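A.B. asks: Take a look at the following structure, please.
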Amino acid sequence: MRVLGVEGTAWCASAAVFDADADSVDIFSEAYEPASGGIHPREAAEHMREHVPQVVERALDSADGPVDAVAFSRGPGLGPCLRIAGTAARALAQSLDVPLVGVNHMVAHLEIGRHRSGFDSPVCLNASGANAHVLGYHGGRYRVLGETMDTGIGNALDKFTRHVGWSHPGGPKVEEHAKDGEYVEFPYVVKGMDFSFSGIMSAAKQAYDDGEPVENVCCGLQETTFAMLTEVAERALSLSGRDELVLGGGVGQNARLREMLAEMCEARDAKFYAPEPRFLRDNAGMIAVLGAKMAAAGDTLDVEDSGVDSDFRPDEVPVTWRDDEDLFVAVDERGDVKGAEATVTFDDDRVRKARASKPYRHPELDETLRRERTRQEARLTSAARRDGVPTPVVFDVDVHGHTLELERVGDRDLRDALTSEHVASLGRHLAALHDADIVHGDPTTRNARVTDGGRVIAIDFGLGFTSHEVEDYAMDLHVFEQSLAGTAADADVLRQAFEAAYAEDGDAEVLDRLRDIEGRGRYGGTVRD
Ligand SMILES: C[C@@H](O)[C@H](NC(=O)OP(=O)(O)OC[C@H]1O[C@@H](n2cnc3c(N)ncnc32)[C@H](O)[C@@H]1O)C(=O)O
Ligand SMILES: Nc1ncnc2c1ncn2[C@@H]1O[C@H](COP(=O)(O)OP(=O)(O)OP(=O)(O)O)[C@@H](O)[C@H]1O
Ligand SMILES: [Fe+2]
């Protein structure tokens, strides 16, 4: 099979031919480079109008024979750009009289890595301009295991470089300057498996305005944001019990990010694959490759149903081209438990939790995170107990040795005892914590233990903090519901029980804010200010 791919979501007008029999991909691209500022949607659309027909012609000329299908990026992306590339693809499919395939651009960033690596069911980190998220295959869809709560990673870097007067795109310039810089500290924000960049970016602009050499700011920015992405990727591997990671997206061209991910994977005996740069940045090759898989599965579109979608989320896509097993595999929980962050060893009625050094992190950042999280965990585990929330007794804490000695609690993780009663208990515990101004920070189905008698005990307060903000409380609920969606078959029923229990003891405003968080459509691709 030979498939023509068409890409035009934002800056890259691209066409490619994928020859499935030869497994070869020829890509032809024209980049839009704004004269000043960031990407202007109207200029970008103009670029597509001019260049899409041209690259398509070059791609078709290069093909060794007729194409059997036309695949195009349906979204996410900038509406005006999507519409122009979509119209071109429709017209082509009709004139060539071949099927039309509508591809989700973010799923294509993932699938190209899976295709080129030969991995079965990898976790995928997409680090692109408008997005940043971790995906895993589960129950016939790609689930969003973690994501940015504000901008994409590339857009965040680009915003900083605009502030210092550098031309778009800024990512490569940050990489160049960081090589001569020294690490400076910026806020590190990971909540469960989600993360946010806006606080870091304000701090980076401020540091620059205050006279910090730009090289140092670039170095601190990379070390901080990439460590966040790597940590979340590691958590996703740990949670899913998988040992394969692929990288996608334009920021994946950054050597420091790839180095960190490779080191993280090596340390946990996982395999890591990053496609070559031409497949990382936006390109039609990835659209053609996924288009071929979809076409082979009969997943094609009628022209009248082929509208574009600028907010097209990866988890909306029915994965028709795979029929293999789920992402999540049973994790053997006997003996020592190696969590994403720490190793937990059991000794009768006690557990010892040691936060190991992460070689991928800058040593200063590594030391700060291990020390602060150990300190916070000890402090908040005890504070929560005092406020009536069941948590382990803290027997000992060694902040400089990054270890805790805790009471051994529960008979199994909540993940292995997911009933409405148990999640309702956790909902009540979170309401009580929030009432005491404590945010858990990472309330997943693995961070609560259940006794044979049905008692639920909260553990792992390492990402916790104190706060009066409704937003922070709502994020706790969001993190829990995300972990339910990732692990439970009947997530809806459990979510209702969880929310009903929270509503009884907690603040209605927090549940309202939760709805708000869910509705924020962070895959917009259109957010390019
Ligand atoms: C929806 C779609 O339009 C969008 N595309 C997109 O963001 O283009 P992509 O090619 O995946 O990524 C571009 C981003 O990648 C950054 N970038 C490129 N090279 C980089 C480098 N060496 N280091 C860091 N960032 C880099 C750029 O600064 C820019 O922000 C997306 O995939 O989210
Ligand atoms: N006090 C405890 N009593 C019984 N089991 C525990 C206790 N603390 C931790 N465990 C077990 O060890 C596992 C890992 O612990 P914990 O979540 O604290 O480590 P972690 O490395 O921070 O994990 P992650 O980052 O993956 O959430 C838990 O899921 C639980 O099964
Ligand atoms: Fe992209």
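Backbone N, Cα and C define each Cβ position, glycine as well.
Because TrEMBL annotations are produced automatically, they should be read as predictions rather than curated entries.
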A.B. asks: Hey, TrEMBL has Fe cation bound by H105, H109. Any idea which of D269, D282, D299, D302 it lists too?
C.D. replies: D282
A.B. asks: Where TrEMBL shows N126, A127, S128, G129, A130, D158, G171, E175 binding L-threonylcarbamoyladenylate, which of N104, N216, N254 is named for the same site?
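C.D. replies: When TrEMBL describes the L-threonylcarbamoyladenylate site, the candidate it includes is N254.
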A.B. asks: Quick check on the binding-site residues D282, D336: which one has the highest count of other Cβ atoms within 10 Å of its Cβ?
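C.D. replies: Of D282, D336, the one with the most crowded Cβ is D282.
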A.B. asks: Would you find the one among the binding-site residues A130, A340, A342, V344 whose Cβ has the most company, meaning other Cβ atoms within 10 Å?
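C.D. replies: Per the Cβ count within 10 Å, the most buried is A130.
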A.B. asks: Of N126, G171, D336, V344, listed as binding-site residues, which ones have a Cβ less than 6 Å away from ligand 2?
C.D. replies: V344
A.B. asks: If you skip the near sequence neighbours and keep only those at least six away, which residues in the chain come within under 8 angstroms of K338 (ATP binding site), Cβ to Cβ?
C.D. replies: S238, R268, V344
A.B. asks: Are any of H105, H109, D282 (the binding-site residues) within 10 Å of S128 (L-threonylcarbamoyladenylate binding site) when you go C-alpha to C-alpha, and if so which?
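C.D. replies: Of H105, H109, D282, within range: H109, D282.
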A.B. asks: Where N126 (L-threonylcarbamoyladenylate binding site) and D336 (ATP binding site) are concerned, what is their Cα separation in Å, rounded?
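C.D. replies: Pair distance, Cα basis, whole Å: 31 Å.
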A.B. asks: Those binding-site residues, S128, N254, D282, A340, V344: which ones have a Cβ sitting under 6 Å from ligand 3?
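C.D. replies: Cβ under 6 Å from ligand 3: S128, D282.
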A.B. asks: Within 8 Å of the Cβ centre of H105, H109, D282, which other residues of the chain have their Cβ, at the recorded Fe cation site?
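C.D. replies: Apart from the listed residues, the neighbours are E7, T9, S73, M106, A108, S128, G248, G249, N283, M286, I287.
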